[in-house]
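What TrEMBL annotates here:
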- 7-129: domain 'Arf-GAP' (DOMAIN)
- 132-233: domain 'PH' (DOMAIN)
- 255-359: domain 'PH' (DOMAIN)
């Protein structure tokens, strides 16, 4: 029997999936995507496929495990993830946050809508909300003392290198001026209790200050986030004139390395252990009475092993006053810090987070941070 000519063989979906670019999700990079958009011609993971379903007028998804007819296979074969990236992501600004599969739903959904629904990265003029260098608007901000969210006017100025907020609509003097230099922003929907919840942190008198905000409009909140990243990007370009984008972009914003409750005792190790909310932000370990407190009760600098910092499982034998049994001891050049976790898994994860920081050599500027650091009891 004569073999069928190669060009007459039907194109198989598995062959298309094996093409370069199609082995990861087109939107979040998750490996082995098992869904595809028949209208956009891209392969996506299950989580992103659910977000595609929220814009049915733009995209229609189908599982790769279903039966496909030849015309559907040809449709995705004609585009594919690499070609779609070249089209829909052709003008993504360097500072714009590209979410991964581990990011919150809000960031991933707005990334998908920005690409396919709003075509923001095909037309630069559509990027003005976050690339103009100035942004002004109202956000719901949590009060420092009463915990209520109230509408506050915010103004971000790249030229002034600051984010300001005002307690009254007609106020001329801002309640606070946050320097872009120490500003960070990270989405915290679960912690804040709102899908658009954003935590803004900055340094004030060498201590961390938290601001918790949200907006009812998802695009508005993500635009604020990327406007902050844009302002940080341009600040760093001036501060480090020889640095390239690949060096600056990781410094724009950062997620916290780890957060959660632990118990702690004071510097004499004779005080009773108290339950506190801990946040590991790069080399700063902060503790709060409540996760939404504006100020930390104290901060601990975590240096590197070359500078005599160590993390050990367990507590010294004579330690008393802790309710949780899974201890951690952090040894610094000044003193030992004692903590206790509720579960062994939490102890293991915290030790791993501390170890990652301790194993990383300190950068020159971190020595200045260490020297100025204030240990609070």
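The backbone N, Cα and C atoms fix where each Cβ goes, and this holds for glycine too.
Keep in mind that TrEMBL annotations are predicted by a computer and have not been checked by a curator.
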Is it possible to list how many residues within the domain 'PH' (255-359) are helical, extended or coil according to DSSP?
18 helix, 41 strand, 46 coil
Quick check on the domain 'PH' (132-233): DSSP residue counts for helix, strand, coil, in that order please.
23 helix, 46 strand, 33 coil
Number of helical, extended and coil residues in the domain 'Arf-GAP' (7-129), per DSSP:
51 helix, 11 strand, 61 coil
